[in-house]
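**Student:** Below are the structure tokens for one structure; questions will follow.
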Amino acid sequence: MDSGMEEEGALPGTLSGCSGLHPVLPSDLDVISDTSGLGNGVLPSMSEEKVSPTRARNMKDFENQITELKKENFNLKLRIYFLEERIQQEFAGPTEHIYKTNIELKVEVESLKRELQEKDQLLVKASKAVESLAERGGSEVQRVKEDARKKVQQVEDLLTKRIHLLEEDVKAAQAELEKAFAGTETEKALRLSLESKLSAMKKMQEGDLEMTLALEEKDRLIEELKLSLKSKEALIQCLKEEKSQMASPDENVSSGELRGLSATLREEKERDAEEWQKERNHFEERIQALQEDLREKEREIATEKKNNLKSYKAIQGLTMALKSKEREVEELDSKIKEVTTDSTKGREDPLKTQIPRFQLREGSEDCEAALVEKEALLAKLHSENVTKSTENHRLLRNVKKVTQELNDLKKEKLRLEQALEEAHQEGNRGARTIHDLRNEVEKLRKEVSEREKAVEKHYKSLPGESKTKFHTQEQVVRSLTGSGSQEDLLLQKSNEKDLEAIQQNCYLMTAEELKFGSDGLITEKCSQQSPDSKLIFSKEKQQSEYEGLTGDLKAEQNIYAHLAKTQDTDSVSNLQAELKEVLALRKQLEQDVLAYRNLQKALQEQLSEIRSREEEPFSFYSDQTSYLSICLEEHNQFQLEHFSQEELKKKVSDLIQLVKDLHTDNQHLKKTIFDLSSVGFQGSDRLELTKQEELVASKEDEDTLKFEADVETPFQSDQHLEQSREIMEDYAEGGCKSGYGRHMDSNILGHDGAQTPGASEEHTLEDELLGLLATLFSKKATPLLESRPDLLKALGALLLERICLAEQGRPGDHLDSKTEKALQQVAVQLRDELGHSFPANSFSKSYNEVKSMWGNWLVKTGDEDTVELKSVSVQTMAIEDTPHGFKPQSKRDAWAEKQEEAIFSTELESEALGEMPGQQATHLSFPSAINPDAEKTGLLIQLKTPELLENLYNLPASPEVVVAQLQGQVLELQRELKEFKTRNKQLHEKLILAEAMMEGLPVPNSALVNVPAAQAVVRTAFQDNPGEQEGPETTQSAGRDKDMDSDQYTSFEIDSEICPPDDLALLPACKENLEDLLGPSSIATYLDSKSQLSVKVSVNGTDQSENINIPDDTEDLKQKIHDLQTELEGYRNIIVQLLKHSQCSEAIITVLCGTEGAQDGLNKPKGHIDEEEMTFSSLHQVRYVKHMKILRPLTPEMIDGKMLESLKQQLVDQEQELQKEQDLNLELFGEIHDLQNKFQDLSPSRYDSLVQSQARELSLQRQQIKDSHGICVIYRQHMSTMIKAFEELLQASDVDSCVAEGFREQLTQCAGLLEQLERLFLHGKSARVEPHPQNELLKGLRTVEGNLPYHHLLPESPEPSASHALSDDEMSEKSFLSRDPKPDSDTEKYPAMASHFPQDLLMEHIQEIRTLRKHLEESIKTNEKLRKQLERQGSETDQGSRNVSACGLALHSSLTSEIHFLRKQNEALSMMLEKGSKDKQKESEKLRESLARKAESLEQLQLEYTSVREENERLQRDIIEKERHNQELTEEVCSSRQELSRVQEEAKSRQQLLSQKDKLLQSLQMELKVYEKLAEEHPRLQQDGSKCPEASDNSFDLFESTQAMAPKSASETPLLSGTDVDSLSCDSTSSATSPTSMPCLVAGHHMWASKSGHHMLGLIEDYDALYKQISWGQTLLAKMDVQTQEALSPTSHKLGPKGSSSVPLSKFLSSMNTAKLVLEKASRLLKLFWRVSVPTNGQCSLHCEQIGEMKAENTKLHKKLFEQEKKLQNTAKLLQQSKHQEKVIFDQLVITHQVLRKARGNLELRPGATRPGASSPSRPGS
């Protein structure tokens, strides 16, 4: 509609208001229509150049124009209205027509003014369009000028640069030519000197020829004499002999002279030939270089020609563009002239038409005012014309300037062409100089060929000199054969000696192989630097040396044979060289023999060292166990999953058989090598040896059963429990024979006994039994218990009954007679058996100690009711309040079954415990590691759940009182804790340092000593006996403890969920207490389960987030995404901190051990691992709590109830810590006592179970790797589902795309990390990737999760022997490195080294270095340990017990002997270290060199890659710019097409409107005629009252006619279409809404207005108002009709009085007046309609003209668009060509520069080569 309005504004205006009054207009107005056609013709001429689809008017312009037009229309209507009223008031009757005509003339004047204003506006628009075109043309010209200037300047710069370069090149060429001329002169001088030398040589050759001729003559004389003397043989034999003797010395002398001369001549000829050849090569190189220079210069000239042509073409294109611009400017000038002529014509025509009119109306003053206004308007137009003409002049000046600039450009072009011609001339000069150089080179070639010919002639003259050599060669060959035979004899003797030595070595090696076969296998697979590996290495070295010697001997024999065969062909020099080789070989043989003897001595020394070392059992057992671990750990570890059950059973049986064989071999070697009597075993230990040999098979079968079960069900905790129970029952049946549960302390009674402090004589039997047990366990007499399983069963049952009775609160006097008898029998048996095995004074341990322990325990149990209550409540909450998916169903079921068993069947539980003596023994034998608090709480939970549930209701009712009491208790407990910590800190540090030094592990940090988790792990890691913590009992307890730990762990996490955020600080304390509560065998499994549970927690958290319904609000979604992002950032920070922490721990280890990169991440201190696990899991908890709070916020009731629970939990934790500190006091004294007695029990029999423990550890490792792989698979699946859910959530709601993308990237990164972890667990080796942050995250995850299966071995199987601990570490390192080499510290420091050379070499080097360093560290640590222990024993003699003082002397002597032995071992190891370190330094240097080379190649490749990538990016940018430009052009074309379609639609709609308005006007004309007739009849009615009946009859007929016409018009109105009515209503909204606003269509802007039209058109508001007026008039007329009928009726005249007739007359007159006013209003409303001609198929000439003009304008616009696109394409092509030209020119210049530099360098090198002392100058960049 906007464009429609614009077109309406452009259409001409005709008469407004007078069309209805004057049906016939004067013929003079025809001229106006013509002028209006001219006015219409102005529009396309203006818009032909300027109107474009992009240059459209704004809505504001349209609105302003509409408002102005409305105001003018309103003012005009008001003026007309008031004028008409004034005229009616002043004049009446005949003068009315004059005033009407006057008003019409004024209206015409106003319309003419408006037309003038419109034309002025059109002129202004045209002038603006011309100005914009001129400006655009000027800007384009300026831009073209600037581009041309830039191009010209660039070309000038390039040409000047090229000229300067060519001048420099010419200068350089001249300098080179001068140097070449100087070189030729020197060569000429050299040639002359050589020619003189040649002439001298020729003279010498002539003398030699004379000598040869003389010799030939002598030979002829001798032959003649021989012929003459043959006839006289008998007579003259003596003379012949003398003559022959005389002739032979002459020949010898002459032959010697000839030889000397020939040798000198030969040397001179060779020198001459070499010099000539050098000269020839030099000239050829120079010729080639000059030819290359010629070619390059020709190429440069060709490229310059091409560039000049291109620039010429570009200049031609610019000139063409300028010409086109000039044409456009000319066209604009012509159009401006046309516009001016049209404007002048437009001014003249209305003046011509108005002159006769004004002549008619000279009498009126208004006409004069109108004329004055017209004159003023003409003056304005004249001034505007003047300004237009000045603008035209300015445009012409601009055109002149453009032509001048074109001329300048042409001049510059000519100048550039001249410069190009000059450059061509210079190129021709250079070509001439090159031609001259070629001629000189050809001359030099000819001279060289002549010299070559002379030399060839000289060589041909010397063919027969080699004949004289044969005589001398024969003599030399004879002498050599003699010497060769002597050397053969010597070689045979040496070979015999070597064979004897080899046989002796073979005998020695066969003997040693039988003894140390297993050690050889270990060295081959583990790559450890042990003495056995040195032996094999020396053997291989000797064999290789002997093979080399035999090869040398064979080579010597072949040389001699070759000499014997080719006596005649070889020369003297070759024979001499061969003699030298023989002498060198002889020397080498002697050196090899000496080296062999030295090696033999070294071998013997090593054998003696090995025999002495075999007396140490620890290293031997470590070798055995490491060999077993290698046998068990195959390369394809995870192929076991694909095996069937039968194959697994076969494999297991094979492994068991192999273990049995190895065990028997080891026993045989022990019996043969070691002397058992020297070690001093007890008889019971020997029995254990034999028993353990018999029980290997049974143990291995049970282990395989457990291994198969683990493989089949890796994730089911219930089946683990059942299997562990079955295994324990099997072990109970077999008895505790394997020595896993020996050495119990008196602290066993600290939690298994139940004697009250008030007990009296009734329990003497039990007291005796307890005293016996205390002495028994303190004296380490468990072999007796091992041989008596029935005793252990009875003891276990009795102790459990005691515990149950004590827990249920029953007194001790309710014992049955059976139990008393059983106690008596056990006491008697123990006394008898202890009397045999121990002396009497060993029972002197005081009973008070035991009693005090019982008392302490009972005091503790009294205080711990609250602890039990709390633990039970925690676990019930864990059962009831677990969220969905938080814990597996199997674990919940297992826990529920445990609770039911604990509540309803305590007797069955006690029986099961009684039937498991192995587990009981393990639990009882670790007072220092298993906290009694943990077991007491576990037993109380199982046995006292009914009582505790009853006691739950006995708490005080008011929470405030409870809170106050709990806070007071907490403060008291904290004070006590501080006191205990200050007391025990020193003891802890001393104990941990001593144990770390004894076990050969790195000392943990002082910061770690204070951490309770680290203390617990260090305590569990160093115990008395290796057998105490091994075996299936420990694994079973680990399985049970794992379930218990996981349940406790989940309960703690639930508490942390329920706690308010203020109490989150309690979480680390809870974790520390929980780790202290665990047993030693379950710490590793706890760590593993903890990491797994942390993973599960996060998984389940995400599950919960998925299960929550998708929120409708996008803000909530964004908030949750933000929270999840913060969580992810927190996890990343945790991983980075863990990585830093692991690096710090590695650095601490290297500082402590004095090595750099020797130990990898596996040798971390346990405290570090525990800290990492604790921080990781606790932070998981905190994050999970946050996540849960985000997903479902807590209610206020829960927050109120949580304060009391948190205080209770704090109290429980403080009490537990206090109890733990009290227990630690007791445990420290027991541990110090055990450490002092440790070396008494060192016997090889204890380490027989190491084979089984290694196998068990390997099976556990594999199982845990499988478990972790399964967890990774589950977590990856979960991540994929989470990504899908996230995508669905994004589709369902509107989220910020940036936030969603970031979250999606993080999720995909997590999924990628999980896939890499899964591959790592499955294949053992991860593909190499470039180092970026994703790989650092993967390393962090590996260090946290992947190292768990290897770290848990040490707390599960700690040993006192340092060497064996080291071997275990090495084995774990070996297994870990074979799977994943990345966590190694060496590979972390040098990742490139690991990628550039093979892994096997690295493994060997690292293992050798580590073993050597570890041996040294071991010896140093043992020395330090023994020294500190001696000092401690000296300082603690008064405080120690009687056993310590009794065993001090024996310990001192054994320690001194061990110290001496270790010092010797240290010296030997230091020597070995020095040797190894030198070799490794050399190898590392070589490796570094190769690394440096490869790094350089990598850098080059990276640089190339960056350059290629930059080029690609640049090309992509260009493509994107071009695409964008194309899109803009297509958008412009589309917009223009849309505008065209819109214009066409508007034209159609206006045609329809016209047709409908014509019909309306016809109906209105008919109605107006009727009203005119009525108006004529009104005065007649007033004048003639007698003619009323006739008038009434006529009026009645008129009314009938109007009533008949009204429905007709009403029926014609609905002919309007819907769209047209809408458009009309839209146009007339303003007039309908406001009472003062007039219709929207402006007077003078009437659609389809024409004086010859047969229709009337107007607004629907005007029509409605007119219709109302007519209807009102009809009602008035009806009333008047009634009144007249009443007045004229005879009845009224008869009946009515005289006064009554006056009333209807007054009414009639008032109604007449109102009718008059109604008619006046109707007449005013009729003036608003105008006369139109509806466009039909035959009558739409004007509209068709307009449509044709629009089409022509559209075609012109299309053409202009096409031309502009062409211009743009041409300019783009020109720009591309210029860029390409610049590139080509720059490349050519670079090439020429390089070529000239090379030429200069070659020319400078040539004269320098002739002088021997001169050094060739090197130019930079050449």
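Cβ coordinates are placed from backbone N, Cα and C, and glycine is handled just like the others.
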**Student:** If you check Swiss-Prot, which stretch out of 50-93, 534-577, 1106-1149 is marked region 'CM1 motif'?
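**Tutor:** That would be 50-93, the stretch labelled region 'CM1 motif' in Swiss-Prot.
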**Student:** Between Ser139, Ser485, Ser1623, which does Swiss-Prot record as phosphoserine?
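**Tutor:** Record annotation (Swiss-Prot, phosphoserine): Ser485.
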**Student:** From Ser364, Ser1245, Ser1628, pick the one Swiss-Prot annotates as phosphoserine?
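**Tutor:** Among Ser364, Ser1245, Ser1628, the residue Swiss-Prot annotates as phosphoserine is Ser1245.
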**Student:** Measure from the Cβ of Ser544 (phosphoserine) and count the other Cβ atoms within 10 Å, all protein chains considered.
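**Tutor:** Cβ-Cβ neighbours of Ser544 (phosphoserine) within 10 Å number 10.
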**Student:** Any idea what DSSP makes of Ser1497 (phosphoserine), helix, strand or coil?
**Tutor:** helix
**Student:** Helix, strand or coil by DSSP: which one applies to Ser544 (phosphoserine)?
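**Tutor:** In three-state terms, Ser544 (phosphoserine) counts as helix.
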**Student:** Does Ser485 (phosphoserine) have same-chain partners at least 6 apart in sequence with Cβ under 8 Å from its own Cβ, and which are they?
**Tutor:** none
**Student:** I need the CA-to-CA distance for Ser544 (phosphoserine) versus Ser1497 (phosphoserine), whole Å please.
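**Tutor:** Their Cα atoms are separated by 37 Å.
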**Student:** Inside 10 Å of the Cβ of Ser1497 (phosphoserine), count up the other Cβ atoms and send me the figure.
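**Tutor:** Cβ-Cβ neighbours of Ser1497 (phosphoserine) within 10 Å number 9.
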**Student:** So what's the mean pLDDT when you look at the region 'CM1 motif' (50-93)?
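**Tutor:** Over the region 'CM1 motif' (50-93), the predicted model scores a mean pLDDT of 77.
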**Student:** What is the number of residues in the region 'Interaction with CDK5R1' (1655-1697) that are helix, strand and coil, as DSSP sees it?
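**Tutor:** Reading the DSSP string over the region 'Interaction with CDK5R1' (1655-1697) gives 35 helix, 3 strand, 5 coil.
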**Student:** In the region 'Interaction with NCKAP5L' (57-195), how many residues does DSSP call helix, how many strand, and how many coil?
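**Tutor:** Computed counts for the region 'Interaction with NCKAP5L' (57-195) are 135 helix, 0 strand, 4 coil.
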